[in-house]
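Comments concern the structure below.
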Amino acid sequence: MNRILSSASLLSNVSMPRQNKHKITKALCYAIIVASIGSIQFGYHLSELNAPQQVLSCSEFDIPMEGYPYDRTWLGKRGYKQCIPLNDEQIGIVTSVFCIGGILGSYFATSLANIYGRKFSSLINCTLNIVGSLIIFNSNSYRGLIIGRILVGISCGSLIVIIPLFIKEVAPSGWEGLLGSMTQICIRLGVLLTQGIALPLTDSYRWRWILFGSFLIAVLNFFMWFIVDESPKWLLAHGRVTDAKLSLCKLRGVTFDEAAQEIQDWQLQIESGDPLIEPTTTNSISGSNSLWKYLRDRTNVKSRHVITVLLFGQQFCGINSIVLYGTKIISQLYPQHAIRINFFISMVNVLVTILVSLLIHSLPRKPLLMTSTVLVSVTAFIMGIAMNHNKMNLLIVFSFIYMGVFTMGLNPLPFIIMREVSKPQDMVLAQRYGTICNWVGTFIIAYTFPIIHDVLSGYVFIIFAIIACSISAFIWKKVPETKRSG
């Protein structure tokens, strides 16, 4: 899914630091890499069922070794079924319940991280990911797949909120945006990694090993976290001044006195009423600082309207139909190379994300978002026509273009604009609301697409094109330019 993340707002600040006040140390690089592996886990789970879903669900049988029965393989000898019978609706449910877990995880993530710390919360989520991944790998039933997908969804939904908090808090002044962009890039890398592993393993004998890959990543991430220091800002916010200084010394490579000076600056920030870490909002439905109060506040109507349309609309343009079901879509016209083509589409996604991360800070929001949305509408329409008329080459070319033009604007900008149209005191609740909208939109597409596509075929992309066209009109009339000059 693509976008789900309130953390994408960090892309708005991507720029090279004006001065090398703080160098990037090996310890800091290691901490950023370890944290970013959580984003890779998110991308991996988001698309892990894309390539193998046909052989997983007994819809197709691809036997890699003729004359060698499955019962004689390592998996077959240990009682793992060759496939799990699933219809289109069940495939949609197994894919989409990841989003249910994601909503739960992202909703409570900030509270978890503020109480237990960024490091310990990440360890909890890695543990949950390990358990969920093992359940998915070992599952011989529809129910087992659902349970595992919900668990990894909770883990990934939480990680995708905690990771940007950690990176923002450990990054030296001037580097926050550049390092923060790692979240989005690593999500795309996770998707690419899944498709790369799927190239040799998508057949009726070995598809489970694709699912096992997420277990290995989670285990690696879990043990790597033990060498990472806790966020010094979180430590200071909890009164652990000495620990904060030591953490800052290790991460930044500064002396104890230099760390003490920066800690003193942070303490002055706290005393001035400016929160050092992202505040926790009330988790109750009807509390004084709750999401329900935000939804009822009439002063937020215009900004909330913009957030709702952009964050739902981002998903209803259909991009996750490619991320979640791209192999099945392309295989209808080009079955021999569908997985390979999907891999290269994911590679384009990574490259465009890196380019956008470097340039987006210098471009105005509204024209870029308009351009991206209009091009998404045009390319989705052409993809629909190509599918309906069996134009294989046209479908492949415009699948690449569709992914590229979405990534250049409609992917990151709704999250950036979400922050910029909100009042400062409502920003945390606005992010939470927007993230929920995005998760719900992803759930709807993940669940309904295989069912609707089975009935409408290419016409489903024409529907996406009409929705994207409508969103373009909304952006033109209702969305303000939020980028400040300078």
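Every residue, even glycine, has its Cβ placed from backbone N, Cα and C.
Relative to the membrane, L112 and K477 occupy the same side according to Swiss-Prot. Per-residue confidence over the topological domain 'Cytoplasmic' (112-119) averages 94 (mean pLDDT, predicted model).
In the topological domain 'Mitochondrial intermembrane' (200-208), helix, strand and coil residues by DSSP number 3 helix, 0 strand, 6 coil. The recorded stretches the transmembrane segment (147-167) and the transmembrane segment (343-363) do not share 3+ CB pairs below 8 A when only pairs 6 or more apart in sequence are counted, and are therefore not in contact. Looking at which of 27-47, 179-199, 343-363, 367-387 has the most CB pairs under 8 Å to the transmembrane segment (209-229), the answer is the stretch 27-47. In this chain, the transmembrane segment (455-475) lies apart from the transmembrane segment (27-47): fewer than three C-beta pairs between them fall below 8 angstroms, excluding pairs fewer than 6 positions apart. At the 8 Å Cβ threshold, with sequence separation of at least 6, the transmembrane segment (27-47) lacks contact with the transmembrane segment (367-387), having fewer than 3 such pairs. Cβ atoms under 8 Å from those of the transmembrane segment (367-387) belong to residues 317-319, 329, 332-333, 360, 394-395, 398-399, 401-402, 405-406, 408-410, 413-414, 417, 457-462, 464-466, 468-469, 471-472, 475-476, 479 of the same chain, restricted to positions at least 6 beyond its ends.
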